[in-house]
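Asks: TrEMBL feature annotations, pasted as is:
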type: BINDING; residues: 10-38, Asp64, Lys158; note: NADP(+) binding site
type: BINDING; residues: Ser141; note: substrate binding site
type: ACT_SITE; residues: Tyr154; note: active site, proton acceptor
Amino acid sequence: MDQTVVLITGCSSGIGLSLAVRLASDPSKIYKVYATMRDLAKKKRLMDCVKDSHKDTMDVLQMDITHHQSILDVRDGIKEKRVDILVCNAGVGLVGPLESQSMEMMRQILEVNVLGTIRTIQTFLPGMKARGSGRVLVTGSIGGLQGLPFNEIYCASKFAVEGVCESLAILLQHFNIHVSLIECGPVNTDFLANLRRTEPGDASLSQADARTRALYATYLQHCDTMFQDAAQEAGDIVQVFLEAIEAQSPALRYYTNSALLPLTTLKLAARDGSQYVKAMNKFIFSIDKAGDC
Ligand SMILES: NC(=O)c1ccc[n+]([C@@H]2O[C@H](COP(=O)([O-])OP(=O)(O)OC[C@H]3O[C@@H](n4cnc5c(N)ncnc54)[C@H](OP(=O)(O)O)[C@@H]3O)[C@@H](O)[C@H]2O)c1
């Protein structure tokens, strides 16, 4: 039987690495994984995790999702000449007051999270359409469903990805291609270490007023608490990916963290959004109504 060919972006660490390891180590050897990363110098961590169990089930290829040619090179280097399951996972966070963000930094985040994801899908979609089958899985975020203070640009990027996927999901039903978003809350990966974050001592923070700076300090504490109390492990997320991969009729959205569902549900159900804004102020800043300190 032919192996199911899976291409995953962002496999140097975190969710991408864990998913690549899980699929490449599957005892049935039904998956052939193309684990891609932008810097092959980081390959060792992945190789240490798969040990010897990856012969015939994994190839590691260089791919930077912001460089179109590198995506094309990967596509052309796939021995099976097809991708059955495309996993768009690579992404990067950005945290800080909006006033402290440079245009260049905001562009970089949007370039990776939005255009990089779109470019990757664009590249592999024609093959899937021609074959009349395929799966596109995207590592989404709660930040793509609900606004989070001091994450404006990251949320903008993840909201954009939601729009792309939801729009495609409708059209791609006609081609027997399923699109699924795996919506994650905090996950213990290298995400925090890799995210671009305005630090309390950064000169750019002076662009924001004193009240915003104080709220930002509170937010950073809230963030630490969230990661301590509610963060999942990459393995938990992999289980949700597997559920989506194995489903006969995959859902458009899978939520990985039930602890976060009440706020997400409130956001999705709220017509005018004001209840959500109040609930978030209470949750993060312990403020009952706007103007309270
Ligand atoms: N961890 C969380 O709390 C969390 C929550 C919600 C959603 N997510 C989403 O989950 C996804 C995976 O993140 P993670 O948690 O596993 O964090 P991670 O450990 O930082 O992994 C991110 C991966 O993306 C790669 N990447 C960044 N820019 C790239 C580019 N231009 N081309 C190719 N790869 C690139 C990184 O490669 P380098 O090593 O080369 O930088 C790394 O392999 C992201 O889309 C993120 O937004 C994470």
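Just so you know, glycine gets a Cβ as well, placed from its N, Cα and C.
Describe the structural surroundings of these features, if you would.
Replies: Using a 10 Å Cβ-Cβ cutoff, Arg22 (NADP(+) binding site) registers 19 neighbours.
Sequence-distant contacts (6 or more apart, same chain, Cβ under 8 Å) of Ser141 (substrate binding site) comprise Gly91, Tyr154, Lys158, Glu183, Cys184, Gly185.
Tyr154 (active site, proton acceptor) falls within a helical segment according to DSSP.
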Asks: Ligand 1 is in the model; which of the binding-site residues Gly10, Arg22, Ser141 have a C-beta less than 6 angstroms from one of its atoms?
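Replies: What lies within reach of ligand 1, judged by Cβ under 6 Å, is Gly10, Ser141.
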Asks: Could you check what DSSP calls Ser141 (substrate binding site) once collapsed to helix, strand or coil?
Replies: strand
Asks: How many neighbouring Cβ atoms, not counting its own, are there within 10 Å of the Cβ of Gly14 (NADP(+) binding site)?
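Replies: A count of 22.
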